[in-house]
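Enquirer: Take a look at this one; I'll ask things after.
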């Protein structure tokens, strides 16, 4: 007998956990970059570890392992890899205003992704017996990838990845973070240059690119401007006309008030927000993994199935939105950083952590199927082909249709 009250509660918890997950990921990534900048860590390394890196996915994997749900973690890794290509990248092609072309850096990133996905596929199919040692190899592969890409960026061979979360969290990261700009104060107005002629009571004010002459005798000024040979103005005795002298005294502009901006936030401030984001990520990982496990048990479904379908679809929703907004502006680099960077992170670091600390016995019994592994690898092959030869809108519709068919096929195969 299904307890629908318990099911509804866990569905609500799952939805709430998604919001906490996105909030915590934004906080963690934004303030990690700020702290790294304060510690003078190279910007290239910061870009590699924040743009395209799926730290929220890693938290979900760790939370699933902690609750002895390793099949759920494996299903989330494989399902998110498929969803990033068939679900997110396809939407980028669909909403692109024109045919999409990709630069050299995009081709390199997708080539690396195809190679690493092939390695991960072979590991799942033939080398799972390596166990912990295989997980260590995957983590080492991720480290080598970071070092290699950083070197390639340094040499100018590829462009650094663009932050894929910039569109989704632009208003979420504190507006006060803009206080970290170099300029600490902005004057109320620009100071004009003030020059006074010692031989005449005429004063010239230079305001930007214009100069305006002010003379006490306007009638003589008009006649001088209308004549072919200008007649100089007579000198006036300051004692005879003190008011005129006072009118053209130099004005000190140093006393103009300035609008002060708040100073830069301290490193301790960013560390506090980084910690807060990490705690939010940890909480969301626990909520998501626990709610999915309860739902799967209520409907007698395997946790790996819901990890491949529901959990992976939900955790990649931000990537789908970023792909849509970026493609509408013609920023194909962000779409590729969003897709290739995320999948590389999943099949190396996340998978390595799973095999190093997860339950290997349950992975063999309830792990992903050959159909799911084949879908993950074929998705990477199709992505590489599209990036090499250019994207068309009909390709996006074909990929999205394949994703819908994949989700439906998962439940159909599970029922049989």
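Placed from the backbone N, Cα and C atoms, the Cβ positions cover glycine too.
Predicted automatically and left uncurated, TrEMBL annotations should be read as such.
Fair warning: this is a prediction, and the values are worked out from it, not measured in the lab.
Per TrEMBL, the feature transmembrane segment maps to 7-25, 45-65, 77-96, 108-127, 134-154, 268-288, 295-314, 334-356, 368-388, 394-413. Summarising the annotation, TrEMBL assigns domain 'Sodium/calcium exchanger membrane region' to 11-147, 272-407. If you look up TrEMBL, you'll see 163-239 marked as region 'Disordered'. Residues or ranges marked as compositional bias 'Acidic residues' in TrEMBL: 164-184. Under the heading compositional bias 'Polar residues', TrEMBL lists 197-206.
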Enquirer: Need a quick answer: max count of Cβ pairs under 8 Å to the transmembrane segment (295-314), which of 7-25, 77-96, 134-154, 268-288, 368-388 is it?
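Expert: By the under-8 Å Cβ criterion, the transmembrane segment (295-314) pairs most with 77-96.
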Enquirer: For a three-state summary based on DSSP, what are the helix, strand and coil counts in the domain 'Sodium/calcium exchanger membrane region' (11-147)?
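Expert: Each residue of the domain 'Sodium/calcium exchanger membrane region' (11-147) counted once, the result is 115 helix, 1 strand, 21 coil.
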Enquirer: Please count the residues of the domain 'Sodium/calcium exchanger membrane region' (272-407) that DSSP assigns to helix (H, G, I), strand (E, B) and coil.
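Expert: Summed over the domain 'Sodium/calcium exchanger membrane region' (272-407), the classes give 120 helix, 1 strand, 15 coil.
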Enquirer: State, in range form, which of 7-25, 108-127, 268-288, 334-356, 394-413 has the highest count of Cβ pairs under 8 Å to the transmembrane segment (77-96).
Expert: 394-413
Enquirer: Take the C-beta pairs under 8 A between the transmembrane segment (7-25) and each of 108-127, 268-288, 334-356, 394-413. Which stretch has the highest count?
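Expert: The stretch with the most close Cβ contacts to the transmembrane segment (7-25) is 268-288.
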Enquirer: In the same chain, which residue numbers or ranges, 6 or more beyond the ends of the transmembrane segment (334-356), come under 8 angstroms Cβ to Cβ?
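Expert: For the transmembrane segment (334-356), the nonlocal Cβ contacts are 51-54, 57-58, 61-62, 65, 70, 73-74, 77, 80-81, 84-85, 88-89, 92, 100, 102, 105-106, 109-110, 112-113, 116-117, 119-120, 123, 131-132, 134-142, 145, 161-164, 166-167, 316, 319, 322-323, 326-327, 363, 380, 383, 387.
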Enquirer: Counting only residues 6 or more past its boundaries, what in the same chain has a CB within less than 8 Å of a CB in the transmembrane segment (268-288)?
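Expert: Hits for the transmembrane segment (268-288): 13-14, 16-18, 20-21, 23-32, 34-35, 38, 55-56, 59-60, 62-64, 66-67, 174, 311, 314-315.
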